[in-house]
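Trainee: Structure below; questions to follow.
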Amino acid sequence: MPSEHPFSDGIPTPNPKETMNDTAQITASYGRRYIVRTPDGTTYEASTRKKRVDFACGDRVRISPVNAEQVVIEDFLPRQSLLYRQDAWKTKLIAANVTQLLIVTAAVPSPSVRLLQRALLAAEAAGIEAVIVLNKADLPETALWREKLKFYETLGYPVIETRALENAGSLRPALQGHSNILLGQSGMGKSTLTNALLGSQTARTGDISAALDSGKHTTTHARLYDLNGETQLIDSPGLQEFGLHHLQAADLPRYFPDFRHLVGQCRFHNCTHRAEPGCAFKAAAQTGAASPERLAFLQGITDELPG
């Protein structure tokens, strides 16, 4: 009897005569369907047992064989990092083992300050370095957005200007040596940047995953590419919201570069940074040492979190 396809609801039992119990890295994620690559470069279609969905692009995993082309993911290996978002209803894993988040923005379509700030918070919470990419920098509409991004440079986040179709190579020095992920709203040019950086590699990887992704040109699932032996790049789907329900309200100030030095300086240890006397955060906002808008953002996120 032919083996059951691993992308059906049932998971086939590996042939006990098979000896492979190897490791691999997830290079593409499609819900409960994955593409994994072993250290020798062999690529397999992969599924999970018991409908597990707690795997992410970039995960290093243990695999067991199904046949010459298909494997089952048994578990993930210890992660260096995990980037994800969570709202009141669900959790969405974005990528694992990334060391640098590149938030791709552009003046057109209208950029979201809300999304930018939330993504920066998520990176801080996950211990991931963050870089802001100002794409389509040659557009006349860019001037105002460029000015707004200067504030984030003062917080320590580099801003790199690119024109994806002309000088995507300006990103290479920042990418080198990192496991990178491009994240941002739809239409900001993430996939165009990826194609410019990867060239023919994109087409080869697309051949592998085309059957799973319905041949769409718009990125619908995260995909990992190698830039070189030391550098990886994940292109992720566009998003409009970034839920932060996985964060703890008490930890939030430490994720704000402009407020973390004030932690512990309020008169009351349980200060909410609103009406309490002796609040160091309010004092900083009132004197101009910190942005009132950023304090309002901190308060808003605190109100949003459960508990």
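Glycine is no exception: its Cβ is also placed from the backbone N, Cα and C atoms.
Residues or ranges marked as region 'Disordered' by Swiss-Prot: 1-21. What Swiss-Prot records for 85-242 is domain 'CP-type G', and it gives sequence analysis as the kind of evidence. What Swiss-Prot lists as GTP binding site is ASN135, LYS136, ALA137, ASP138, GLY184, GLN185, SER186, GLY187, MET188, GLY189, LYS190, SER191, THR192. Per Swiss-Prot, the feature Zn(2+) binding site maps to CYS266, CYS271, HIS273, CYS279.
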Trainee: Taking the Cβ of each of the binding-site residues and counting other Cβ atoms inside 10 Å, which one has the highest number: ALA137, MET188, CYS271, CYS279?
Mentor: MET188
Trainee: CA-CA, which of the binding-site residues ASN135, ALA137, GLY184, SER186, THR192 lies nearest CYS271 (Zn(2+) binding site)?
Mentor: GLY184
Trainee: So if I measure Cβ to Cβ from THR192 (GTP binding site) and keep only same-chain residues at least 6 apart in sequence, which ones fall under 8 Å?
Mentor: ALA164, LEU165, ALA168
Trainee: Provide the number of Cβ atoms within 10 Å of the Cβ of ASN135 (GTP binding site), excluding the reference atom itself.
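Mentor: The answer is 26 other Cβ atoms.
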Trainee: If you measure CYS279 (Zn(2+) binding site) to GLY184 (GTP binding site) at Cα, how many Å is it?
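Mentor: Distance (Cα to Cα, whole Å): 34 Å.
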Trainee: Which one of the binding-site residues (LYS190, HIS273) has its C-beta surrounded by the most other C-beta atoms within 10 angstroms?
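Mentor: That would be LYS190, with the most Cβ atoms nearby.
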Trainee: Which residues, same chain and not among CYS266, CYS271, HIS273, CYS279, have a CB within 8 angstroms of the centroid of the CB atoms at the recorded Zn(2+) site?
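Mentor: So the extra residues in range turn out to be ARG267, PHE268, THR272, ARG274, GLU276, GLY278, ALA280, PHE281, LYS282.
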